[in-house]
């Protein structure tokens, strides 16, 4: 073991923990119950806090800034993903695995309906919603039957790709304001880069698991926590999803002609949100005019 200040050796993995034998169809690279007998995968559990915190802020901001209800529902769906993933990695039980995976599909159905229903009449919009619901139901049934995570991952990737490419098409063809387009492209690029970075670290975690486990034990805790690739996947995809949600809010505002009422804010230069423009008080307006 490499001697680092305030480093503690990893204990030997126990045979089982508080939640009993694993029933999930997936077990990740993080060693089970080595940090706590009450948490199967400690870092994979705790890092979902980023997902939940960002979703909570998105819900709050959508309510305060009077965004459409669809964005509140989308943020609530992704909050459920974070909670489900927290429970899944904490317990490694199959029912919580489903609470992690299936809401990813359902939460993405809302922006899918939103971007593909633009400029459609009411009848077509309703039919589109029915088709999306049926598609998600069929995917759920197939996944529950075969219990193959690849089915879920492929379905989520296809659905996400459809939303992304449709959104980019709307930017190119419908958004004329150059400043608004610049904010949207910046948000999309950062969001995609963040998401793909998380995916890359997840793939490293999968394909080099043995090497990573040896490295973690060599440097000990808490330094070894930094080598938990799936935990970084949670953090970075949480950020990526948040960027995309903000992008969709602004895209929708511009498409329906409400852009003059809103400001696109870059907090600290990297954290975006879309806020109602602050109204000047009558006294300040009168003083300025005088």
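Using N, Cα and C of the backbone, Cβ positions are placed for all residues, glycine too.
Of all ranges given (21-41, 126-146), TrEMBL attaches the label transmembrane segment to 126-146. With a cut-off of 8 Å on Cβ pairs spaced 6 or more residues apart, the transmembrane segment (71-90) and the transmembrane segment (152-172) reach fewer than 3 such pairs and are scored as not touching.
Geometry remark: residue 28 (Ca(2+) binding site) versus residue 89 (Zn(2+) binding site), CA distance 9 Å.
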